[in-house]
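Undergrad: Have a look at the structure that comes next, please.
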Amino acid sequence: MPSLLPLVLTFLSVSSPSWCQNSDIESLKASNGDSFPWNNMRLPEYMTPIHYDLMIHANLSTLTFWGKTEVEIIASRPTSTIIMHSHHLQISKATLRRGAGEMLSEEPLKVLEYPAHEQVALLAAQPLLAGSLYTVIIDYAANLSESFHGFYKSTYRTQEGEMRILAATQFEPTAARMAFPCFDEPALKASFSIKIKRDPRHLAISNMPLVKSVNVAEGLIEDHFDITVKMSTYLVAFIISDFKSVSKMTKSGVKVSVYAVPDKINQADYALDAAVTLLEFYEDYFNIPYPLPKQDLAAIPDFQSGAMENWGLTTYRESSLLYDKEKSSASSKLGITMIVSHELAHQWFGNLVTMEWWNDLWLNEGFAKFMEFVSVTVTHPELKVEDYFFGKCFNAMEVDALNSSHPVSTPVENPAQIREMFDDVSYEKGACILNMLRDYLSADTFKRGIVQYLQKYSYKNTKNEDLWNSMMHICPTDGTQTMDGFCSRSQHSSSTSHWRQEVVDVKTMMNTWTLQKGFPLITITVSGRNVHMKQEHYMKGSERFPETGYLWHVPLTFITSKSDSVQRFLLKTKTDVLILPEAVQWIKFNVGMNGYYIVHYADDGWASLSGLLKEAHTTISSNDRASLINNAFQLVSIEKLSIEKALDLTLYLKNETEIMPIFQALNELIPMYKLMEKRDMIEVETQFKDFLLKLLKDLIDKQTWTDEGSVSERMLRSQLLLLACVRNYQPCVQRAERYFREWKSSNGNMSIPIDVTLAVFAVGAQNTEGWDFLYSKYQSSLSSTEKSQIEFSLCTSKDPEKLQWLLDQSFKGEIIKTQEFPHILTLIGRNPVGYPLAWKFLRENWNKLVQKFELGSSSIAHMVMGTTDQFSTRARLEEVKGFFSSLKENGSQLRCVQQTIETIEENIRWMDKNFDKIRLWLQKEKPELL
C-alpha cells in the first residue's frame, strides 16, 4: 500500500523474466533431470484444496523452520499427479491418505521440483479417484527468508541496545509457497487450522484466536489456533515475537488489538481507537457483519510495503500504525488513519470477496483505496480527506498518460508480472473510476450495488464483469424506496442531461475505463449557447505511437458563470453538442475533479478561467482550482496550451491560501527546475526558484512556527517552511538555525513544534556537525515521524561523501533499516549533488536489490523511477537504455523501465520546446508579484 508522503518531500529531495511457458514443449525437466509432468505457470483446474492443517516450528536462534502441511483435496477427474506450489522449501517426505482413513501406501510419494515455476509434482502409485477426498501430508524445512516476503526474519533493538529477533509473514501475492507447500492461487480458497511451536518467552499470533497452548517438550509450547473461514492462501499470516498488545471491543463484540514491540506499545492507542471506529463503520456500511471474532493490527519492524490485509491479522510498517502524541506529525495521523481504513476495507473487498486472478487486482486494491475516503470522511471528518482524493487521480494519470501504461484489468501470469500489478493504475486509477461511477449513480445507488455484490459473492471469487453485473439492477422498481440521484433522474429526461434512462448500461460504460489504458482529453469549444465537446486519448509523446482510436463513456459535469448547480452530460461519442439556456462568460468542466479525465478549453476558454482565478478565485472550489492548474500543465506537454499561458495561470497563487491548489502548483513547478538542474542551466534555474519563492512569499511569511490549526493547515505550514528553508529564504533559514542550535544544545531534549521540525532539521543537516548530531539522534529515536524527518534531512546534504555513506549504511540495514533504502535512494536521486551517486548505486547493486526487494515489486519500480525519471539529457537517456537492456531477463522488460525511458524522452522533448520560452517569460515584469 502506498504510503502518504508529502508531495514536496518527493520533489525536493511490463513483462518480466523469461519464465519457461511454451505450450509446445512436451515436458519440462525437473531439478533431478526427470520429466516434469506439468508445463503451465497456472495450476491444473482439476484439483481443489478443501482444508489445510499447518504446523510450523521456527527456531529464531538458527533462523530455520520446520513444517508439516496436511491438505485435503478433491480431484474432478482421475489423476496420479498432484501439482502444488513450493518455493525454497526442502521437502523431506510426502504421503497420501484417502479421506480420514489409513495411508494408501507406506511408500512416500515421488516428489519432483520445477523451480522456474515454483512448483512441485507429487506422483502417486495409483490414480486418485474423481470426487473422493484425499489428504496430502508433506514434511519440509526451510530457512527464514532474508527478504521481506514469505516467512521472514525481522529484528529490532530495545532501548538498552539489545538486538531481538522475530519472525513474520508476508504472502501476497505469491509467497505463501515459501512457508508451506500449497495451491497458491487466489481462487483456490480453503479453510486453515494452524499450529505454531514456539519458545515460552515468545508469543504467537495468527489469523484466528488462540484455542489452547500445549507443552510439547521442555522449553517448547505448541499454540493451536481456531479454524479459519474459507480464504485464499495469500491471506494466511502468523507472527512469532515478544510483542505487547492493547485491546478494545467493538459494539458487535469483535476484539480489536494492536501489537507492537514493547518499547513502542504506548504509541498504539490512536490506531486502536481508529480501527474500532472504522470496523464498526464498515459493518454498518456493507450491512455484513465482520465474520471473525478478532482483528489484530501488528506493527512489524521490517516491512517492505505500507501494510497487508491478512484476514484477522493485518500487518503494518511501524510508521503506518504507531502514533507518538509528542512527535508524530499531522500528515502521520492522516496517513495512519487512511492505511488502517484501507486494510480494514479489505476484510470485505479482497478477503470476503476476492478477485479470481491477479489481472483483476484492482477489484481488491481500487476498492480499498476508494473506501479509505468514503469511510474516513464519515469517521474522522476533521481530517477532511475528501480534499486529497483527486491528488490520487493525478498520481495515476502521471503513469497512465504513457504508452507503457496498462488497462486496469490486464493479463498477467508469472510472479514478477503479478507484482507489477501493485501500481498506481490498480490502486489510484481503480479508486478514481469507482468515485466517478459513484458520482454518476449517486452515493446511495452505488452503495446498493456494492452491497449486492458483496452479499452475492461472499467467500467466492469474482471477475471484472461480476461487479458491473451487480450494478445493473440497482434502481428500486416497486416504489418501496425513495429514489435518489441517478434512479430519480432515470424517470424523466432533461434537455441538458444525456443521463436520461434508456437502460442503465453500467457494464458497457465501465468496460471503457477498465479494459482500455489511458484516459480521455475533452476539448470544449463554446460558441454562444452551443458547447461543442470532443474526446481523444490523452497520451504524452503520442506522435511516436499509432493512434489508439479509444472512446470512453465519459460522465461529464460542469458549472458556469450563470449557475453553480452541477449539470451533467454523458459523452459516448467522439463529438457532441449541448445547448445552454443562455450564453455564459466561463464554463468549468469536471466539477470537483470527480471524473477521470482532463479538459482543454479552446479559443478564449482558458483566458476566461485564468481571469476568473485572478479576479475572484474563490468563485470555484479549491479542488476545481487545483484541477485547472494540473490540466493546464498537462496540456503544455501535448502542445495544446503554451507554457506562458500555464505559468500566467499560476500568478493568482499570490492570493491562494488553500492546501490543494498550492500543493498542485508545487507538483507542477518544482519538477521544472529539477529538469534544469540536470542540464546545468544555473542562471535560469535560479531565476525560476526565485519566482516560486516570490509567488508564495506572502503565505510563507504568514505561517506561525507552531502546531496550531487543522490537519491541512498544519501540513501546508510544514511544506511551505521546508520549501522556504531549502530555497534559502533567509527569514526562514535564520529562525530554523536558531531552533536547531537550541535543540542541539539540549542534546535533542528540547521540544520543537512538530510542524517546523522538517525545516529545522533540513537546515541543521547542511554542516558536518549538525548532520552527525542528527544521525546520532536517529539511532536512539523511538518515533517513526522523527526518524523519517531526520532521514529526509540527512538526504538534503550537499556533501557527496555523506550521501554515499548514507546509501551504503541504509543498504546494509544495521542502523537504518533496509526497508527505508528505496525511499533514501529516491531522496538522494532528487538531490542536485546526489543524483549521480544514486544512479550509480542502483546500477552497481542491481542484482542484490532484486534479490532483496523482488523483481516487479513496487519498491524496485520506486527506485528505478526515483533515480532516473528527472533526467533531461540525451546522454543520460542512452545510459539508462544501455544499462537496462544489458539486464535481459533480470529487468530489461520491467514496466517501470519502459515508463522511465518514456518519461526521460518526454523530459528532453519538453525542455527543448519550452526552456527558452520559460527564460523569456521570467524576464518579463509581473505586476502580480510586486
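Cβ coordinates come from backbone N, Cα and C, glycine included.
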Undergrad: Say Swiss-Prot lists Gly306, Ala307, Met308, Glu309, Asn310 as binding substrate: which of Glu160, Glu162, Glu172 is in the same site, per that record?
TA: Glu172
Undergrad: Taking Glu318, Glu365, Glu382 as the options, which does Swiss-Prot list with His342, His346 at the Zn(2+) site?
TA: Glu365
Undergrad: May I ask you to indicate which of 3-23, 213-233, 549-569, 654-674 is given in Swiss-Prot as transmembrane segment?
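TA: Feature transmembrane segment in Swiss-Prot: residues 3-23.
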Undergrad: What whole-number Å value do you get for the CA-CA distance of Asn655 (N-linked glycosylation site) and Asn749 (N-linked glycosylation site)?
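TA: A Cα-Cα distance of 38 Å.
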Undergrad: Starting from Tyr427 (site 'Transition state stabilizer'), work out which of the recorded positions listed here (His342, Glu343, His346, Glu365) have their Cα within 10 Å, and give them in sequence order.
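TA: Of everything listed, what lies within 10 Å of Tyr427 (site 'Transition state stabilizer') (Cα to Cα) is Glu365.
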Undergrad: Would you pick out, from the binding-site residues His342, His346, the residue whose Cβ has the largest number of other Cβ atoms within 10 Å?
TA: His342
Undergrad: Return the count of C-beta atoms lying within 10 angstroms of the C-beta of Asn403 (N-linked glycosylation site), excluding that atom itself.
TA: 17
Undergrad: Take every residue in the topological domain 'Lumenal' (24-930), average their pLDDT values, and give the whole-number result.
TA: 94
Undergrad: How many neighbouring Cβ atoms, not counting its own, are there within 10 Å of the Cβ of Asn749 (N-linked glycosylation site)?
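TA: Looking across every protein chain shown, the total is 7.
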Undergrad: Could you check what DSSP calls Asn749 (N-linked glycosylation site) once collapsed to helix, strand or coil?
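TA: The three-state answer is coil.
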Undergrad: With H, G and I counted as helix, E and B as strand and the rest as coil, say where DSSP puts Asn890 (N-linked glycosylation site).
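TA: Assignment for Asn890 (N-linked glycosylation site) reads helix.
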Undergrad: Hey, what's the Cβ neighbour count for Glu365 (Zn(2+) binding site) at 10 Å?
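TA: Its Cβ shell of radius 10 Å holds 27 other Cβ atoms.
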Undergrad: So how many other Cβ atoms are close to Asn59 (N-linked glycosylation site), meaning within 10 Å of its Cβ?
TA: 15
